[in-house]
Amino acid sequence: MSSVMDDPTLERHFKGHRDAITSLDFSSNMKQIASGSVDACVMIWNTRPQMRAYRFVGHKDAVTCVQFSPSGHLVASASRDKTVRLWVPSVKGESTVFRAHTGTVRSVSFSSDGQTLLTSSDDKSIKVWTVHRQKFLFSLNQHINWVRCARFSPDGRLIVSASDDKTVKLWDKNSRECIHSFCEHGGYVNHADFHPSGTCIAAASTDNTVKVWDIRTHKLLQHYPVHSATVNSLSFHPSGNYLITASSDSTLKILDLLEGRLLYTLHGHQGPASCVSFSRTGDFFASGGADEQVMLWRTNFDSVDYSEVLEQKGAADEKASVHSRYSQPSAQESGAAGVSSQKSSSTAPVSPGAGQPDSVPAALASTLQHIVGQLDVLTQTVAILEQRLTLTEDKLKECMEMQRQSVSEN
């Protein structure tokens with residue numbers, strides 16, 4: 001590899017929660033980080049040093065999951081109090097609330113267009129809602145134990161879910177049918193998500209492992225037994241080249257999916273690391289733990305150009321065959337405190353997706369990102385206008401009804 005990787009570095013600590021952190025997410029512009037905690041609060045941390053954090057109080061029990069809408073204008077939170085709240089991430093902290101399930105709501109997730117909301121629960125169901133007016137659309141009900149996590153695919157056509165029934169299920173959103181159940185985990189499945197290409201899924205389990213499957217062939221691609229305790233959370237780097245995990249062994253692990261190996265072990269949290277998330281651009285990631293701290297890290301290693309690696313691997317490797325036998329990596333302490341770098345091979349590489357272009361010019365990528373951002377803003381504006389129109393219609397109906405009553409009385 002021609003360029004040398006820089007180690008990730010810890011940039012900032014955020015302290016304010018009064019109990020374990022359960023979930024984290026970055027806003028699309030990287031200016032805010034949302035966190036949820038067992039203390040029943042949602043906090044919005046401003047990444048600019050001079051800005052104060054916002055504490056949102058409303059849930060009556062532990063907050064289990066938080067996520068920003070694609071536009072960044074809303075934050076959804078799920079709670080043990082069986083409700084979901086939609087917050088405006090500003091100093092006022094206005095929110096709407098709806099009772100989503102008959103048990104603890106474990107996860108909440110927006111579709112990529114920001115129009116649909118996905119929830120999962122201890123009532124064993126997954127539910128789909130409209131963001132506008134929080135209208136219930138349908139539920140998926142084949143899990144036989146708590147559903148810890150549910151996520152939309154990047155194109156919004158599929159749903160992946162992770163459950164305490166030890167399965168990961170893949171669903172077709174339109175037909176509402178379960179396409180496949182992945183049963184390879186030996187423990188409860190805490191977290192699952194789609195690869196940015198939409199062709200693979202990864203899951204984290206209480207069996208201390210992370211597994212990656214190809215959703216087209218339903219084959220197990222990679223198997224990472226890199227942790228010594230439960231794996232609580234994972235997050236794909238936007239490039240699709242890396243996966244980061246958080247575990248009860250108190251470490252974060254960064255996996256190189258193209259090489260199929262453990263890249264870094266990060267020691268920062270005292271006690272279990274409960275959640276981790278890359279920023280939308282991948283320049284940063286955040287982690288949370290039982291130590292009540294949110295940590296902001298600079299990625300650094302993602303500047304490596306993988307075009308040479310892909311060329312060397314050739315078409316055969318890019319198809320990503322079933323995982324090979326794992327060999328335990330030997331840790332070599334690097335210069336950065338709390339960071340250890342692993343140099344040993346473990347599994348077959350993940351293909352970033354057949355037919356994908358090698359790179360997009362920076363100017364074009366920036367323009368497209370700006371357009372997508374503007375479309376998100378436009379979508380949210382239309383949703384707000386629709387809501388106001390509905391309120392106006394309701395008031396008009398009330399006025400007409402009152403007029404009718406007064407006429408009939410006269």
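Quick reminder: no glycine exception, Cβ is built from N, Cα and C everywhere.
Features reported for this protein in TrEMBL:
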- 14-55: repeat 'WD' (REPEAT)
- 56-87: repeat 'WD' (REPEAT)
- 98-139: repeat 'WD' (REPEAT)
- 140-181: repeat 'WD' (REPEAT)
- 182-223: repeat 'WD' (REPEAT)
- 224-265: repeat 'WD' (REPEAT)
- 266-297: repeat 'WD' (REPEAT)
- 317-359: region 'Disordered' (REGION)
- 324-349: compositional bias 'Polar residues' (COMPBIAS)
- 375-402: coiled coil (COILED)
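Residues 8-15, 17-28, 30, 33, 35, 37, 43, 45, 47, 229-230, 232-239, 244-254, 338-340 of the same chain lie 6+ residues outside the repeat 'WD' (266-297) yet bring a C-beta within less than 8 angstroms of a C-beta in it.
Per DSSP, the secondary structure of the repeat 'WD' (56-87) breaks down as 0 helix, 18 strand, 14 coil. Sequence-distant contacts of the repeat 'WD' (98-139), counting only residues of its own chain at least 6 positions beyond either end whose CB sits under 8 Å from a CB of the stretch, comprise 64-71, 74, 76-80, 82-84, 86, 145-152, 154-156, 159, 161, 163, 171, 173, 176, 376, 379-380, 383, 386-387, 390. Model confidence over the repeat 'WD' (98-139) is summarised by a mean pLDDT of 95.
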